[in-house]
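TrEMBL annotations:
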BINDING   A:12, A:13, A:43, A:100  divalent metal cation binding site
DOMAIN    A:7-194  domain 'Survival protein SurE-like phosphatase/nucleotidase'
């Protein structure tokens, strides 16, 4: 019998979130599973790492059949670093992150703790996938998302993810039968139009809550936003070489000697 | 007389750090300056944003001639969002971030609060540059870095930075006369080899400090690492479309229907 793949599972919503419990159940159908995830929600943490404070790691028992699960006081990227360096005795075959409660499509990839965990694994040479369901509810229905995660995970293990690439998988918030398929896409050009909610403390000092509206600036039918709006799962290959190679020529016309 | 450019200055080491004071002095030679920067160090914050807690903003007075300076309780990305939406009455002509105390070359761009501020500005359609000096000391000598920052800033205002690109400028820790020039580069392929420092609390519980060693895996002479090691300033054009367009074809061979 072939050796089972070793699957590292993490997320940014915290180790008890229903999304990661769903992803763990998928991973257990396919391989040996180790979970290292934040002990509290870390949404919007981007690729933060903990360098000015200490990190704590606890062996935890959440489900009846959970043995290899660790909660970590740090960020999603910290979880991956600790898993690889302190917990696992060999390199995992794949790292999966999520299932996030909410979208990480388009520009949200930049702010996403879910994707930062996957990217951290990618940087360390481990194939990695982040999964997100477009439903922010704690009690979201992960039935369709689980099926998608299993399909993508099996493909990734079979075909291998290209080097230095991680996958950003977003799943529309519709029922399994309404999902039209899985599309490989590019990241749509979009941004957030911030609307700060300005309030006053009981002591009369101003403070702000960050809120905003997502604005899709990109009508391309090859984008993740188009796919999701039209009933498809989006798979965007994400790279961590951020060099805009195409603009190097233009910058070489600048005069740096004045 | 031509209208002076409006320059937004931020950083991740905090508003009182010598690096941002150096950058402010450069900016003031060229334009009208508004500073919105974190009230405390935010190194390693990546592209974190504050969504689960409140944000505070204070009009502060640090130098004798500082009028338009605000400290913010949030991350570097929060600072840029607040500056654009709550403080400035028009879009700045450019946003500059730094001068960071320490390197943001190669893969460090991913973890960098300095660069996340620049990238946030870029996402909002504002030309942006992050500056970093390869010296982690609080009392680093910013003389050479200031000259470099002025040269790059003037070029950016004159030529314009390509759309959807921000610049990652790293300055070697050598004297002004020893700097050989400014090179446009690509990001070197590198990672950190973590070495967690495992300790025990006075109560006998394990905890960790994240430490590590930077490992350059890339011998290319067109990389930022090569430039910096050889006495050059590196300028890497950075994009926030993370799509690995070159791998889409390969992923389209996967079978998502099983």
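Placed from the backbone N, Cα and C atoms, the Cβ positions cover glycine too.
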(request) Specify the count of other C-beta atoms within 10 Å of the C-beta of residue A:12 (divalent metal cation binding site). (result) 33
(message) Using a 10 Å radius around each Cβ and all protein chains in view, which of these binding-site residues has the most neighbours: A:43, A:100?
(response) A:100
(message) I want the residues beyond A:12, A:13, A:43, A:100 whose C-beta is within 8 angstroms of the mean position of the divalent metal cation site's C-beta atoms, in chain order.
(response) A:11, A:14, A:17, A:19, A:41, A:42, A:76, A:98, A:101, A:102, A:112, A:113, A:114
(message) With CB distance below 8 Å as the criterion, list the binding-site residues among A:12, A:13, A:43, A:100 that sit near chain B.
(response) A:43
(message) Please list, in sequence order, the residues in the chain of residue A:13 (divalent metal cation binding site) that are at least six apart in sequence and whose C-beta is under 8 Å away from its C-beta.
(response) A:19, A:20, A:41, A:42, A:43, A:100, A:101, A:114
(message) So, three-state DSSP: helix, strand or coil for residue A:13 (divalent metal cation binding site)?
(response) coil
